[in-house]
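Some notes on the structure that comes next.
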Amino acid sequence: MKGRGSISAWCVDHPVATLLLTFALVLLGAIAFPRLPIAPLPEAEFPTIQVSAQLPGASPETMASSVATPLEVQFSAIPGMTQMTSSSALGSTNLTLQFTLNKSIDTAAQEVQAAINTAAGRLPADMPNLPTWRKVNPADSPVLILSVSSTLMPGTELSDVTESLLSRQLSQIDGVGQVYITGQQRPAIRVQAAPEKLAALGLTLADIRQAVQQTSLNLAKGALYGKDSVSTIASNDQLFRPQDYAQLIVSYKDGAPVHLRDVARVVNGSENAYVRAWSGEQQGVNVAIFRQPGANIVDTVDRIQRELPRLQEMLPASVEVTVLNDRTRTIRASLHEVEITLLIAVLLVVAVMALFLRQLSATLIVSAVLGVSLIASFAMMYLFGFSLNNLTLVAIVVAVGFVVDDAIVVVENIHRHLEAGDGMREAAIKGAGEIGFTVVSISFSLVAAFIPLLFMGGVVGRLFKEFALTATATILISVVVSLTLAPTLAALFMRAPKHDPHARPGFGERLLDFYERGLRKALAHQRVMLGIFGLTLVLAVVGYVIIPKGFFPVQDTAFVLGTTEAAADISYPDMVEKHKALAKIVGEDPAVLAFSHSVGVTGSNQTIANGRFWISLKPRSDRDVSVSDFIDRLRPKLAKIPGIVLYLRAGQDINLSSGPSRSQYQYVLKSNDGPLLNTWTERLTEKLRANPAFRDLSNDLQLGGSVTHIDIDRSAAARFGLTTADVDQALYDAFGQRQISEFQTEINQYKVILELDAKQRGKAESLAYFYLRSPLTGEMVPLSALAKVAAPTMGPLSISHDGMFPAANLSFNLSKGVALGDAVRMLDQAKTEIGMPASIIGNFQGAAQAFQSSLANQPWLILAALVAVYIILGVLYESFVHPLTIISTLPSAGIGALLMLWLMGQDFSIMALIGVVLLIGIVKKNGILLVDFALEAQRERGLTPEAAIYEACLTRFRPIIMTTLAALLGALPLMLGYGVGAELRQPLGIAVVGGLLVSQALTLFTTPVIYLQLERVFHRRKPEPVTQPKRSLAMSE
């Protein structure tokens, strides 16, 4: 008898072993679940290294040519580098190096350090330190942002306390990677020289610099090795206080000492006087904490939160540490919502089974298979090293429909044999044995649809690898459990239902009668059905071409990032006042939970004309707007502050930008002709600003900075024995905030900064008091005798490079309803309309670049999934023809998915694409159930194709409806899109639900027609009339 030698028969005969093995599987899953890391998305490490170099006082042009270019030349030789960008501003250069995804970040770091060492000889000799590098992951965001403030402590002391006592302790917590402080005013001693006093005494700034450097040192001095003891030698060679430096003797005038206090003020200050940060409206600093790669975000944040009270006690009483943004707040809420979605999906599926099976034991058996498969999937996730994240949990939610399919098909077939009069054990063995091949076919062809996802490259491939493998593992587990546990439980508990001959027809029978009438009409009008099939195929292709396409939906993570931009020549005090005005507006919005902001050169900010905002919103249930609506609501209010613009963008779990950006999307232009690039960048910016599809559009040229030129007369300088280098050094001493010394304490290291007195360093007139000493005569030479000061002109505040070429970066957000694919097309069209020269090359960066890559691969991904499914089905059925019948169910699913996305106002995003790939696996199940039964009827009972497919349609109608409804209801909670993180899940649910609705309505009629047509074409048979077989109990149930 069929099924006697199968694994199902063995399990039925060994129920104790089967139940114990099942319990072990559940136990493994239960043990693994709490040990799974928690993350917003799968691990996606993008090998990236950021290099920073400082030369205080150097102009952007100097930094770009003398620092950025030598480094870029060496970095360009590193193998595996995909992108190199740099940004040079006053006194600083930041370079970002991105590598191929398979490049080891540790290897890249070693090669970067070697390149820095090689370039060191070509860098300016007066750089305080060699460039430094750090490993970064653009896809990662701070897990926690702390705000540190004090009502009594000045900013320098607060910064020192934060760095020395808080930041270093945080770095030692398990799971914490890097800790960054923004808005930091590190303590320093500032020597503020009076040029007129120096000139009167015949001294220069170089004299002050040399005096400080020679009299404050911290060198090794050795030890005294005596006969009886060893004594370490120490001295007071270091100076620690301003008053100590003030006593230094700079020189002697007429035999009398000239102390530093006679020509300068020595005061406590900060390394950079032009930086400030606020927590709300109170001055403070921000501490951004990143996790170590692979660390559990939730566990890491929990450990930090547990340590914060202890760390707070270590700080002075006036210092307050508050949490500005906790990334796990939305992660926990989002995962909780997915868990609720999973529970709802399970309950809906169980309700469908109860409705159709109308037998408690059968419903409980299917529910048991579902529960075991889902719990066991956690063990597989742990084995693979996966995390509990939005995508893996969505994979399990979607898999609910797949998992229950296998159980439904097995239990329904056993149910049919019980109705036919077989005993419980016999029905279990026969029912599982008959349907085993069908279950394997359904599941293996479904897994085949995921195979292309495993070979996707780039960021999308990294993100969806865990999704595909989690779904695959869950499906394969369900196959085993359905063919082992389900027949075992059926043999023990499932009994034949009692039929009342006088009972009124039930819902299932009425639905079957309706379908039978439609089926006979479809088979009688096969050309019409073929026409409908052809139309769906055409519409599916046309629909894919015309539907708006996007990358990932904008998530509501309750966190908003802001970048401010003011006039390039704005003063620091004006920038501070404008920031305070913006902060007042932000703080008054009822959706804001907390916020902080900073100005000046701090963190990723390189110029005074730019600042940063970090805004944490209340939980979604406690505010009346989404994050996008919040930004739209603030935009007109912020625009009322003149002279400054605040660009806002929603913080995202998927962050692909290589550096800080003002808006969600970036486009870079580059050329070897800098002035030409600047001209056409401004033209393209103005053209796009006139397009309402683009919002918050800006570029990073910042060409309006004020530049004071000094024209040196080299011949005049040579007459005094002076060189251009002497002039540059003197100017650097005066205006470069030059580090001339440093001193160390037990816990930190501090700098001594040389500059002009505050009254003199901010105006060109102070150059009139500027003197240099002639090495030939020893006389003081006024700068006016060597050089002329020209009227201020405009120049760049920052200079960008991309791949060693001058570059300009455009940033933009999109208006509501505008898909990224449409924006890409409109931007290319704008370039054509303004006639941009071919010598200027443009390309997208970050998310837009990844979108373009994924858009090019989408058709191939769908085609690859179809081919994989066809190959698997061809191998299983040993036929080239029958897989075509099964695959013919897919165009209608595509139409349904695209139509539902359009009706719901969603573009065709990556998540929607994954939904379509899932549909390829789900929808062909109907075809497998029909073809498998029809082929067996033809082989075993000698039925004609017409009679076989007709009987297959009626006999398999109930499992088809049940499995389709199960998959549909499993995806329905995703489609409804409620709770935190719903934006990411919703397109997938919409695509699956829409595809199932339309395909179910059409394929039950088109598939039998396609089957008969292919039979005639490949076997050259004439059509025969369809005869109605005798109804079985299974058909009428």
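Cβ atoms are placed via backbone N, Cα and C, with glycine included.
Curation does not apply to TrEMBL; its annotations are automatic.
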With TrEMBL as the source, identify the stretch among 13-37, 988-1012 annotated transmembrane segment.
988-1012
In the domain 'SSD' (373-492), how many residues does DSSP call helix, how many strand, and how many coil?
108 helix, 1 strand, 11 coil
Quick one: mean pLDDT on the domain 'SSD' (373-492)?
84
Stretch among 391-414, 467-494, 884-904, 956-976 sharing the most Cβ pairs under 8 Å with the transmembrane segment (364-385)
467-494
Other same-chain positions with a Cβ less than 8 Å from the transmembrane segment (988-1012) and lying at least 6 residues past its termini are 394, 398, 515, 518-519, 522-523, 526, 529-530, 532-533, 536, 884-885, 888-890, 892-901, 903-904, 906, 911-912, 914-916, 918-919, 922-923, 926-927, 930-931, 934, 945-946, 949-950, 952-953, 957, 960-961, 964, 967-968, 971-977, 1023
In the same chain, which residue numbers or ranges, 6 or more beyond the ends of the transmembrane segment (467-494), come under 8 angstroms Cβ to Cβ?
6-8, 11-12, 15, 18-19, 21-22, 25, 42, 359, 361-362, 364-366, 368-370, 372-374, 376-377, 380-381, 384, 386, 391-392, 394-396, 398-399, 402-403, 406-407, 409-411, 414-415, 418, 424-425, 427-429, 431-432, 436, 439-440, 443, 446-447, 450, 453-454, 914
Check for me, if you would, whether the transmembrane segment (860-877) reaches the transmembrane segment (910-935) - at least 3 Cβ pairs under 8 Å, residues 6 or more apart in sequence.
yes
Same-chain residues at least 6 beyond the ends of the transmembrane segment (340-357) with a Cβ under 8 Å from one of its Cβ atoms are 363, 366-367, 370, 374, 393, 396-397, 400-401, 404, 408, 411-412, 415, 507-508, 958, 961-962, 965-966, 969-974, 979, 985
Any chance you could find the range in 435-455, 528-547, 956-976 with the most Cβ pairs under 8 Å to the transmembrane segment (884-904)?
528-547
Lying 6 or more residues past either end of the transmembrane segment (956-976) yet within Cβ distance under 8 Å of it, the residues of that chain are 341, 344-345, 348-349, 351-353, 356-357, 394, 397-398, 400-402, 404-405, 408-409, 412-413, 508, 511-512, 515, 922, 925-926, 929-930, 933, 985-986, 988-990, 992-993, 996-997, 1000, 1004, 1034-1035, 1037
Chain residues outside the transmembrane segment (435-455) and at least six past its termini with a C-beta under 8 angstroms from it:
3, 6, 8, 402, 405-406, 409-410, 413, 461, 464-465, 467-469, 471-472, 475-476, 478-479, 482-483, 861, 864-865, 868-869, 871-873, 876-877, 886, 914, 917-918, 920-922, 924-925, 928-929, 932
